[in-house]
Amino acid sequence: MGRVGLGVAVGCAAVTCAIAAALVARRASARARWRRAVALLREFEEGCATPPARLRQVVDAMVVEMHAGLASDGGSKLKMLLTFVDALPSGSEEGVYYSIDLGGTNFRVLRVQVGAGSVIVNQKVEQQPIPEELTKGTTEGLFNFVALALKNFLEGEDDQDGKMALGFTFSFPVRQISVSSGSLIRWTKGFSIRDTVGRDVAQCLNEALANCGLNVRVTALVNDTVGTLALGHYYDEDTVAAVIIGSGTNACYIERTDAIIKCQGLLTNSGGMVVNMEWGNFWSSHLPRTPYDILLDDETHNRNDQGFEKMISGMYLGEIARLVFHRMAQESDVFGDAADSLSNPFILSTPFLAAIREDDSPDLSEVRRILREHLKIPDAPLKTRRLVVKVCDIVTRRAARLAAAGIVGILKKLGRDGSGAASSGRGRGQPRRTVVAIEGGLYQGYPVFREYLDEALVEILGEEVARNVTLRVTEDGSGVGAALLAAVHSSNRQQQGGPI
């Protein structure tokens with residue numbers, strides 16, 4: 001071989017070696033980036049861990065906060081609001097009752113006909129949007145609009161003899177004064193009618209109804225959680241609590257009046273009262289908080305509030321996963337050039353998170369579609385898609401298990417968790433059948449979430465006690481439940497309803 005040929009050969013060898021070295025370096029870099037993504041996943045999983053021992057600590061913390069909230073206003077993160085609902089439907093109610101459900105940009109009017117034996121004979125529902133200008137206008141404008149809608153709804157009905165009872169579900173913060181009255185604390189959900197704050201919203205509606213010539217009055221002012229409890233109790237008198245787990249979350253339960261220390265001397269016909277916990281604001285150092293939860297809290301308008309809700313409700317689960325993906329994109333390049341799209345807050349909704357977690361196809365085709373179409377991440381390899389599924393699973397599992405701990409906290413406060421003497425003072429006895437009414441799209445529409453919650457209940461309570469606890473899905477407590485409460489708390493309540 002001549003010198004020229006030798007030089008060419010040496011040059012080719014050098015180029016080949018350089019290319020090989022570059023490929024090796026690139027593969028090593030890719031492996032390092034992947035290892036970083038896996039490390040972030042493991043770190044997140046460890047931070048979200050909810051072993052049974054930790055869940056029991058959350059249970060105990062919930063009970064402590066419940067006691068504190070019942071002892072004094074402002075003494076706990078849990079508001080423990082009195083509802084003045086001291087009787088619940090028993091299934092013996094009969095007649096036709098109406099309800100209005102106002103809790104957002106739409107409102108509903110319902111006519112519910114009930115028969116003895118826990119039978120809903122007939123139900124009619126109409127939904128209407130509230131014009132945006134009314135959400136920022138005047139009190140009279142809003143309530144006159146609602147009253148007129150009820151008047152139009154009643155036209156053609158033949159059950160308008162005498163004064164009619166109305167249940168009013170008003171899902172905004174209210175300081176309850178009685179079962180049929182309460183003053184607005186503040187507007188939420190885009191409403192900003194200044195002259196309503198501090199006024200009795202039931203009285204505002206009653207005045208509007210009278211102005212429309214309607215012989216209708218509000219006999220029960222409730223929130224959606226209390227309505228869910230009422231509907232659950234209507235079907236099953238062993239129902240002692242209700243939980244909503246949807247875009248938001250809350251719980252209420254039946255408390256003995258002598259345990260409500262902040263209202264000494266409170267008397268009811270039944271000796272009990274429904275307490276609205278507002279448990280979304282629960283907090284404890286035992287909750288498994290991660291750096292992503294802190295980032296989420298920082299980007300919300302209600303910073304340092306609703307800590308429990310931000311861990312378990314549908315409004316936030318997708319965003320927690322998005323924050324994890326964004327950090328992975330920044331530190332590992334596992335998503336290629338998609339870091340920009342992952343920087344958009346709330347781009348991943350919880351329904352998409354659920355669809356990702358529940359994709360059981362061999363190649364995770366639904367995950368690939370969601371990544372491509374909604375997160376702008378094209379051609380994610382299968383191992384990346386599996387990583388995405390795992391993140392969504394971790395978020396879901398933590399949320400469901402914490403929700404289960406909250407439910408057990410209520411049961412422990414009532415002495416129904418099998419731990420012996422009740423915190424409310426009752427002695428040890430045989431396990432009693434206990435029903436918790438549960439409503440909300442996260443529990444009803446996300447089977448994996450439901451399975452994790454049910455599994456955690458058994459882990460915390462033990463199989464023997466858990467056999468006596470039933471979570472009963474209850475639909476439309478805010479509508480039908482409010483109408484049933486109108487029946488119980490109407491002028492003929494002495495013939496209807498039952499002790500609680």
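Cβ coordinates are placed from backbone N, Cα and C, and glycine is handled just like the others.
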Co-listed ADP-binding residue [Swiss-Prot; alongside GLY104, THR105, ASN106, SER247] among GLY418, GLY441, GLY445: GLY441
Matching residue for the D-glucose site, where Swiss-Prot names THR188, LYS189, ASN223, ASP224, ASN250, GLU278 - out of GLU155, GLU157, GLU309: GLU309
Cβ-based neighbourhood (8 Å from the centroid) of the D-glucose site, residues THR188, LYS189, ASN223, ASP224, ASN250, GLU278, GLU309 excluded: SER171, PHE172, PRO173, THR225, GLY248, GLY280
Between SER247 (ADP binding site) and THR188 (D-glucose binding site): CA-CA distance (Å): 14
From ASN106, SER247, GLY441: binding-site residues whose CA lies within 10 A of LYS189 (D-glucose binding site): none
Secondary structure tally of the region 'Hexokinase small subdomain' (90-222) (DSSP, helix then strand then coil): 35 helix, 53 strand, 45 coil
Collapsed DSSP category at SER247 (ADP binding site): coil
Among ASN223, GLU278, GLU309, which are recorded as binding-site residues, the nearest neighbour of SER247 (ADP binding site) by Cα: GLU309
